[in-house]
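According to Swiss-Prot, the features are:
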type	residues	note
DISULFID	68-133	disulfide bond
DISULFID	81-143	disulfide bond
DISULFID	112-122	disulfide bond
DISULFID	178-244	disulfide bond
DISULFID	191-256	disulfide bond
DISULFID	223-233	disulfide bond
DISULFID	289-355	disulfide bond
DISULFID	302-365	disulfide bond
DISULFID	335-345	disulfide bond
DISULFID	406-475	disulfide bond
DISULFID	419-484	disulfide bond
DISULFID	454-465	disulfide bond
DOMAIN	43-144	domain 'SRCR 1'
DOMAIN	153-257	domain 'SRCR 2'
DOMAIN	264-366	domain 'SRCR 3'
DOMAIN	382-485	domain 'SRCR 4'
CARBOHYD	78	N-linked glycosylation site
CARBOHYD	115	N-linked glycosylation site
CARBOHYD	459	N-linked glycosylation site
TOPO_DOM	521-532	topological domain 'Cytoplasmic'
TRANSMEM	492-520	transmembrane segment
């Protein structure tokens, strides 16, 4: 039995609307194709995270096809971006930076002068030789946003992305920086601002890479080297009011140290010592999900960034250090606290995640010699390391490796508390160097407990004591120890395990849920922050 004619017409109309709607949402999602209509010679960017970046495709013979990265350079990128309506290019990319998604290639050996209005007007080898290129050689660009921030930087005329003549954006125009007094601190700030966390490798003068075609904007830039942005540097000469010759012979160039897998940087903080943690992986900066993120992870990040340690690892709100379009690279980082680089830690989920950017991990690193803050560690463990049962060197863990105790005021009060936790009735302190304190091995500790203060009352726990934790590894008085007697059961909720040592002796380890406040003191290294 058929449907009434009117109902059939409604059904066909509904189907038509649905089909049109489906066809209009082509490429919606994480990998959008930003570009122009399918007209001969038009171009588009695909697989970028924003509309101003991606692999370059050109429309020819009724099909979109890629551009091979042979001869691909900054002038090609500038023409590409200007054709798409952007002010110019910030960066050019080779080797399928945005992924090996392009399967058909129309153009190779593209070589623009920079004054062309369309990419097809540039010199290139004839269309239609797709077998000469493959998906790993797709050319890409990052275009300057249409509303470029004051003081933005870019490099032009270099053969590789991390070098070139330095240009800055000021009052609506791109122009050069005069090389007067431009040194390593200035280059470090410039390179880090442009995404190269390791800073500058070398400074090039006298227009080494070629000359800017814009005005000469900055002269006598004077940075300390710790600034996050060149606009934070001292500028004794007003922009555009330079004392350089009115030619570009003094244009400064930079060679930035290329990023290395596992490099880290801190973004959008009030200074270089704090911010959202980003890690360099697979040739791109990305964030880390804060699932499982703790003080041990933050401590490794801060040391890798050139600081002594972290003063804050959690309790951030998503908006504290802003949001980013960068990918989320990983989650559940598991550090012991002694690693030199974050990439040396265990990545429980590998390079995968199931997070959103509101969960990006952040840190605040120590900056001053007298930085004193309060943290609340999740778990504190104490162990006695020696050749005999119940006697030896005292070591403490805050979840980031084991630390030695250096305390000139070490007394029987503290020893009694430690022994009580280890399951003994009594305890006596021992000074460094005494026979009872000798341990079977040395300890490479990431920190030193440079003070434990207990009252010595009956059944006192470590959560009732105060600790000062220092990343300064010097200890004039030597490690402290204890001699415990009167073995008994450990306090409720704690356990002891012999994890090493000779017969009749060993290392007694116990887990202590210590929700005390610990006063953390860090010492700033020579030279301040910044990644080595």
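Glycine too: its Cβ is placed from the backbone N, Cα and C atoms.
Overlay of Swiss-Prot feature records on the structure.
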residue: 78; record: N-linked glycosylation site; Cβ neighbours (10 Å): 26
residue: 122; record: disulfide bond; Cβ neighbours (10 Å): 18
residue: 133; record: disulfide bond; Cβ neighbours (10 Å): 22
residue: 256; record: disulfide bond; Cβ neighbours (10 Å): 26
residue: 289; record: disulfide bond; Cβ neighbours (10 Å): 22
residue: 302; record: disulfide bond; Cβ neighbours (10 Å): 28
residue: 345; record: disulfide bond; Cβ neighbours (10 Å): 18
residue: 365; record: disulfide bond; Cβ neighbours (10 Å): 28
residue: 454; record: disulfide bond; Cβ neighbours (10 Å): 21
residue: 475; record: disulfide bond; Cβ neighbours (10 Å): 18
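Counted within 10 Å of its Cβ, the other Cβ atoms near residue 335 (disulfide bond) come to 24, all protein chains included. Using a 10 angstroms CA-CA radius around residue 122 (disulfide bond), the recorded positions that qualify from 115, 223, 233, 335, 484 are 115. For the pair formed by residue 335 (disulfide bond) and residue 178 (disulfide bond), distance between Cα atoms is given as 45 Å, rounded to the nearest Å. Cα separation, residue 256 (disulfide bond) to residue 178 (disulfide bond), rounded: 18 Å. In three-state terms derived from DSSP, residue 115 (N-linked glycosylation site) belongs to neither a helical nor a strand segment and is classed as coil. Between residue 289 (disulfide bond) and residue 345 (disulfide bond), the C-alpha separation comes to 15 Å. Listed in sequence order, the residues of the same chain lying 6 or more apart from residue 68 (disulfide bond) and placing their CB within less than 8 Å of its CB are 105, 107, 108, 109, 110, 132, 133, 137, 138, 139.
Comparing Cα positions, residue 302 (disulfide bond) lies closest to 191 out of the disulfide-bonded residues 191, 406, 475.
For the domain 'SRCR 1' (43-144), the DSSP-based tally of helix, strand and coil residues reads 19 helix, 33 strand, 50 coil. Spacing of residue 484 (disulfide bond) relative to residue 345 (disulfide bond) is 36 Å (Cα to Cα, whole number).
The disulfide-bonded residues in question are 233, 484, and the one with the fewest Cβ neighbours inside 10 Å is 233.
In terms of DSSP helix, strand and coil, the domain 'SRCR 3' (264-366) has 16 helix, 34 strand, 53 coil.
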